[in-house]
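My questions will all concern the structure given below.
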Amino acid sequence: MSTNPKPQRKTKRNTNRRPQDVKFPGGGQIVGGVYLLTRRGPRLGVRATRKTSERSQPRGRRQPIPKARRPEGRAWAQPGYPWPLYGNEGLGWAGWLLSPRGSRPSWGPTDPRRRSRNLGKVIDTLTCGFADLMGYIPLVGAPLGGASRALAHGVRVLEDGVNYATGNLPGCSFSIFLSALMSCLTTPASAYEVRNVSGIYHVTNDCSNSSIAYEAAGMIMHTPGCVPCVRENNSSRCWVALTPTLAARNASVPTTTIRRHVDLLVGAATLCSAMYVGDLCGSVFLVSQLFTFSPRRYETVQDCNCSIYPGHVSGHRMAWDMMMNWSPTAALVVSQLLRIPQAVVDMVAGAHWGVLAGLAYYSMVGNWAKVLIVMLLFAGVDGANTHTVGGTEGFATQRLTSLFALGPSQKIQLINTNGSWHINRTALNCNDSFKTGFLAALFYVHKFNASGCPEHMASCRPIDKFDQGWGPVTYAEPSISEQRPYCWHYAPRPCGTIPASEVCGPVYCFTPSPVVVGTT
């Protein structure tokens, strides 16, 4: 039996009509005058032939053949994409030039350099080159070469794991510029600073020269866990620790200069991120740190044995000293996290537009890791108030609870004794009213007597009566008639020094961790 289709007779009805498709028993067919062979293999997007048990069921809707989605937007500066402006090719050539001659041969399809991009080209080229050089050593080249190749593959696996983890966590996309910002926050510090005296090492809180990171006018940025001891005019003196990494000559020195540096740094980071070249800017920044030279302004010595937290003797001071020496980095993170609320107010009031722009941009793109890094970076140099780092947290808590202090209050009652009336208590005066919190005074104004307060406050001077500016903190003479304890400008008497033999109780020796040396 012939399989050729039956020829049709040409009539007026079917002369101009489109030729019909013809199917053959073998699976072939003629479509538009072209013979098509049977398609072998499964067809994408179309359900296969149903089983006999399924033919009684209604046929479901066929799925369309999937089509490859065209990439939308930019394809560069994304995780896994090469850098623009020939950055990927340039780093590839840099790795080729840095690699030894033995690393030029390829390792085949499992070569780690096939999957590397950007800075990964340099890392993988060096590890593979080292493995090839180990393989050329006589006698032991085979085992050393195999171990070195396994090490190179392990490094590549770590790079792939880091790229996958940091590229798929929401809000935590990692970049080299993020590591550059983190390098400004803290430098890994040892738990103790030591000084060498005639071959004998003593544990001290004084910063060594290697712990000094940056020096400005009246300020020193250093690693956490120490306090600078500066020699000036043939005398050594401990500087005041404003933050765990920032010390000043005195507590009144403004930190505007350091905060402007942070403004410029965060503004540059935001601009680089907006231009999608953050990794390139971060690489330039990290490399520039290797060649940065800052002249020394001050002579730092280690003969002061400063306390990390200056102030009166308290349990909070001893606990803070112990924490700073136990883990300087942990103390730094805790201190900066607690300073974030005050830092937010300072960055708005101080018009730090670079930091505000960075926070706004990173928040809009959902990069919360960089938002936290910028907040910690600004909190690390935010020393606008005169409270030292150890007392800031305690003072903030005391200031919050003082708003709800009820103050001394009493109920006035009349008592009839033997026909005469007596008042059991005297009324509250203005001196006791000073101890009432602000919010409590608003809600309980009817419970205390404010008589005499205007007369008391008349002796206090407004702020325009004082000299403006900043400088060393001096003690006001409390014997002046204008000084009153309830005035805002009242200064207490300076602390004196008494011999330990006159102290009744334990005597503390403030080494890096306070130690009780005896009891008098």
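For all residues, glycine too, the Cβ spot is worked out from N, Cα and C.
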Where does Swiss-Prot put N-linked glycosylation site, among N209, N325?
N209
Please identify the range among 186-191, 234-239, 420-425, 474-479 that Swiss-Prot labels region 'HVR2'.
474-479
Looking at 169-189, 211-231, 274-294, I want to know which stretch Swiss-Prot calls transmembrane segment.
169-189
What residue among S56, S106, S116 has an entry for phosphoserine in Swiss-Prot?
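Swiss-Prot annotates phosphoserine at S116; the rest carry no such entry.
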Select, from N196, N233, the one residue given the annotation N-linked glycosylation site by Swiss-Prot.
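So the answer, going by Swiss-Prot, is N196.
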Hey, of the disulfide-bonded residues listed (C453, C504), which one tops the CB count within 10 A?
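Going through C453, C504 one by one, the largest Cβ count within 10 Å is at C453.
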What is the interatomic distance between the Cα atoms of C487 (disulfide bond) and C460 (disulfide bond), given in whole Å?
6
Where C453 (disulfide bond) and C504 (disulfide bond) are concerned, what is their Cα separation in Å, rounded?
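Roughly 40 Å, rounded to the nearest whole number.
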C460 (disulfide bond) to C504 (disulfide bond): how many Å between their Cα atoms?
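One finds 38 Å between the Cα atoms of these residues.
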How does the model score the region 'Important for endoplasmic reticulum and mitochondrial localization' (112-152) in terms of mean pLDDT?
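Mean pLDDT, the region 'Important for endoplasmic reticulum and mitochondrial localization' (112-152): 79.
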